[in-house]
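Lifted from TrEMBL, the feature list:
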{"type": "TRANSMEM", "residues": "12-32", "note": "transmembrane segment"}
{"type": "TRANSMEM", "residues": "107-126", "note": "transmembrane segment"}
{"type": "TRANSMEM", "residues": "147-171", "note": "transmembrane segment"}
{"type": "TRANSMEM", "residues": "204-227", "note": "transmembrane segment"}
{"type": "TRANSMEM", "residues": "239-262", "note": "transmembrane segment"}
{"type": "TRANSMEM", "residues": "277-299", "note": "transmembrane segment"}
{"type": "TRANSMEM", "residues": "320-338", "note": "transmembrane segment"}
{"type": "TRANSMEM", "residues": "344-363", "note": "transmembrane segment"}
{"type": "TRANSMEM", "residues": "375-394", "note": "transmembrane segment"}
{"type": "TRANSMEM", "residues": "406-424", "note": "transmembrane segment"}
């Protein structure tokens, strides 16, 4: 069976490494301002409140527990990322909570990922302009801003480093040639036998790199099917022979993948579903809209932000279902028809869509939080390589050297100017939480997620009344959200508006088990009752808060005050002692404890 493909010419534009240096310099200049940016969004949870990254003593738990195990209260998650936690522990050991060091290492990781894409592009496309173009598209793509400027999303770049390392080593191990693929003109072929893939040292190194990628982020599971498709599409012979050759080449990676799934199953306590009530029909009907939106962001990355509001589609007659479906179907059929004679290009096209499959299970995401730029990080590898292949194929049809030079520089200039300019515009939106959430509200003024988080950012800066206004607006839009009620009650306590705190929290602490199991909600409600002269009603809630958060000195201090107001002197003394033990440097606790003898002679 004759193989139909077009390979880049071996004589077109040999590429010196200074092209890579130029791309890396552009990226460094673009992202350099992020080094002085603050922590944003989940950085506060992942860094400030993560107990397990503060000491190497917890490093073993990174491999036996889920990624949120260092934050109390997170029992269910779908994320098993040991190397993610190892990297965070190393950064905390080096920089503490100083965001400048974290941002610096995130940028260095991204530069390393770009280097990996450059290497893989050279193996797949040759050392011509297609390699430069593919690397530039990946390096400057605006959707990567979220993965670089947001510290907690460094896993995308770390994943790409290991992903491309595994891919490059495997291609070398199986005898891939950038100009001829698996079939060399001299008639060379891979060794026979079912287990020849186990005999290649580079193939085992590739398996090790794949293991590191899997332990960094779950999306690495798509390495195996992506490379399997490459073997099947680019080998000669019948389909069974192609399948067999692919399996034989991937034995080490198969063992690694099986081992990963076993370790993941043992580590994760259960499957997290943010919207378990969502029907599978709704998931299926909304999937075309999600894919269409991702395709738009990939090709035309305009209006990027942390949060996008997409509505769930519940009927097949809804235009939000059939318009994206028809659009996706038309694009896929057109691309397959145009590229039907080019197996490598078709494979790269599939590489774009495969890593997006997990994003279609909307039940794993909280309401309206299922679309994020960072989920395009791995698909942009296939997108960039496909564009690089298209440029290479176009240049091979040109005969004039001047035409080839012009045809090479025009798209490259377009990427540098277009994507580079967009990236420069989006980077400043990640400088702090205020700017980040205001960006969302610019597009979605009633976004409850943004209003709640903006309130946290405002109150952290002492702007309590502005923060309260945001929370009141969010709670009015979503009165069924207990987390908003708890946040609003806390804000009222911070501002000294205790009666309003009681009014807001009372229905929830008395009628919602989730709220009753939140130490901060119990503390805020008890504190507000105590501040308004009701220590008897406050005491049980403060005691429950102390039970839920026994290491919180402030809770023990206020509990001591409530017991003191009720003339329960021994109990108050015990609570003061516990608070002193947890916070020995707090002078206010020491003073109140010393004054207790006057009230309780």
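Using the three backbone atoms N, Cα and C, a Cβ is placed for every residue, glycine included.
By the Cβ criterion (under 8 Å, sequence separation of 6 or more), the transmembrane segment (406-424) is not in contact with the transmembrane segment (239-262), since fewer than 3 such pairs are found. Residues of the same chain lying 6 or more positions beyond the ends of the transmembrane segment (277-299) and with a Cβ under 8 Å from any Cβ of it are 143, 308, 310, 312-316, 318, 320-321, 324-325, 327-328, 331, 352-353, 356, 359-363, 370-371, 373, 375-376, 379-380, 383. Away from its own ends, the transmembrane segment (239-262) comes close to residues 166, 170, 174, 190, 193-198, 203-204, 206-208, 210-211, 214-215, 221, 223-224, 227-228, 231-232 of its chain (Cβ-Cβ under 8 Å, at least six residues beyond either end). By number of Cβ pairs under 8 Å, the transmembrane segment (107-126) is matched best by 147-171 from the list 12-32, 147-171, 320-338. Proximity of distant same-chain residues to the transmembrane segment (320-338), defined by a Cβ-Cβ separation under 8 Å and at least 6 residues beyond the stretch ends, is recorded for 285-286, 288-289, 291-293, 295, 311, 313, 346, 349.
With a threshold of 8 Å between CB atoms, the same-chain residues lying at least 6 positions outside the transmembrane segment (147-171) that come near it are 31, 34, 37, 39-43, 46-47, 81, 83-84, 87, 99, 102-103, 105-107, 109-110, 112-113, 116-117, 119-120, 123-124, 202-203, 205-207, 209-210, 212-213, 216-217, 219-220, 223, 227, 249, 253, 373-374, 377-378, 381, 427, 430.
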